[in-house]
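Novice: Supplied in structure tokens, the structure appears directly below.
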């Protein structure tokens, strides 16, 4: 069979061929590893941000997590990064696979006789596990095998590879990497690692085209999406997914019940296990890395939703609830879950066990229906682990702030610590058009408490299908939430990024501030609205305060005038009485113990010196010299005492 994965790739000529800021550069980490008797050189992407010098000396570059770029032309697709790794394990086989039919692309494709724009780029043999084999990263981890995927992840996360293997083996983290999506760069989802974000894209019956969805994919990953879900429900579902997979450097997730429903012309009661199973295999063969399966929506749970304000708001959940009621039978997803596990184990597809009964309003948060489903999901998680299949668990939804953390607690208790993946949650229902904000508040809160991945919400939530600009807004908003949680949890490198920004801000290094921003374009555009000239990029003020009222400039002047004396006072005072009495931390991020700070007496002494100087924020050179001499005399006298 012919593998055309490395043919015809080229650097794109559009905006995706450039870094998001001139100070950014692609700076990969390289490592040579041995795996299954073969040697591989890993090249793990990172962005290096060059910084200008400070008045006190040079600044080290800041390195941040990224996906690889620039990418190939979208009509040709990406190279198969993992193809050789998969082949080296010698536990997969190529086979013909199911024959694609036009109904896979929907009824309109059947009428046209073809999809609207067939994929003509790179193609590969379809792979599956050999008879009796399991090819999941969890299986390898449980056998004590460290794969190139695990090595790659460890370099990305700046951690020991054994930590990665142990977390995957225990089910507390997943590496979603279908063997038929070798273009994807290994990444890990788990509470012990950096918080990840997912971006949803996909067409609907009334809007969007294949090219638009591919552009959304590239745009989302450019701005930092760690995974992308294709939630297409309109035309050309199969072909749209093929274009997306062949161009995606990140894992792709789907909700296969959407496509299965299209195959029965949108009539939920006409769904069958056979149609759903065929759809799942179709998507496994294409390379989908994780699938949302609403197997926790069971017939006995549906009546629990009748008293809700907003009922069942999950599309997948409502489809399965409708099927259960129409047939008065248990869900075919729940009944056939073990067969799904067997299928997923052949391709290394991860479960994203869907919260089909999640609350759609804060009035319905944490009710019996939601938690009955979550407990069932816990049961299914442990069943999937028996097949070495990776699992993450989906969570709400709409939850007021005071009720958020119990969701983490119940998920950890019932689901054995499997990664939690939540949609927000939105913490209030009153802000249509701003639900990226209402949800980002809940997202930061729940991630701080242990959630591993956050599904973004765009400004169009509840209002319409997001466009390209909405996708970027959603991604950046959720990068803020994820990073804030990482800072709170103390993940390596998280605080250093903030510190670099704070230092650049205090030193008025405007270009560095833009470069260190999650969205450099917007940061610079806002600055330049009022101060567009290049000299303003070195000015020690912005348009908010102007030159006379900039607090940071005033602080710098104080340091210039009193810096040596302040340092000496900090070095000689060991009592920290005021700080200790108040139970406050000392200077810096360490505890009070062992940290020098100003005592109450020292503070009064410095305040008196400030008053003696005429309570002036600014002193000329002679005045500053006179004050410094007085301070030195008093310090000497204090030392003699």
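All positions are counted from 1 along the displayed chain.
Cβ coordinates are placed from backbone N, Cα and C, and glycine is handled just like the others.
Below are the features listed in Swiss-Prot for this protein:
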type	residues	note
BINDING	200, 229, 258, 294, 314, 315, 316, 355, 356, 357, 358, 394, 421	substrate binding site
BINDING	398, 462	Zn(2+) binding site
BINDING	542, 545, 550	[4Fe-4S] cluster binding site
COMPBIAS	1-12	compositional bias 'Polar residues'
REGION	1-25	region 'Disordered'
Novice: Among the binding-site residues listed here, 316, 356, which has the most company in the form of other Cβ atoms within 10 Å of its Cβ?
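Specialist: Its Cβ has the most other Cβ atoms within 10 Å: 356.
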Novice: Consider each pair of residues in 200, 229, 258, 294, 314, 315, 316, 355, 356, 357, 358, 394, 421, all listed by the record as binding substrate, and report the largest Cα separation in Å as a whole number.
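Specialist: Pairwise Cα check on 200, 229, 258, 294, 314, 315, 316, 355, 356, 357, 358, 394, 421 gives a maximum of 20 Å.
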Novice: What does DSSP say about residue 258 (substrate binding site): helix, strand or coil?
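Specialist: The three-state answer is helix.
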Novice: Count, for each of the binding-site residues 258, 421, the other C-beta atoms lying within 10 angstroms of its own C-beta, and report the residue with the smallest count.
Specialist: 258
Novice: Between residue 421 (substrate binding site) and residue 398 (Zn(2+) binding site), how far is it from one CA atom to the other, in Å?
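Specialist: Roughly 14 Å, rounded to the nearest whole number.
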Novice: Over all shown protein chains, what is the count of other CB atoms within 10 A of the CB belonging to residue 314 (substrate binding site)?
Specialist: 23
Novice: Near the Cβ of residue 358 (substrate binding site), how many other Cβ atoms are there if near means within 10 Å?
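Specialist: I get 27 for this one.
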Novice: Might you list, by sequence position, any residue in that chain lying six or more from residue 398 (Zn(2+) binding site) with a Cβ less than 8 Å away from its Cβ?
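Specialist: Sequence-distant Cβ neighbours: 358, 359, 360, 361, 362, 364, 365, 424, 425, 426, 427, 429.
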Novice: Rounded to the nearest Å, what's the C-alpha distance separating residue 356 (substrate binding site) and residue 462 (Zn(2+) binding site)? Just drop the number here, would you?
Specialist: 17
Novice: In the structure shown, which of the binding-site residues 200, 462 has the fewest other Cβ atoms within 10 Å?
Specialist: 462
Novice: Can you grab the distance from residue 258 (substrate binding site) over to residue 462 (Zn(2+) binding site)? Cα atoms, rounded to a whole Å.
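Specialist: Just about 19 Å between their Cα atoms.
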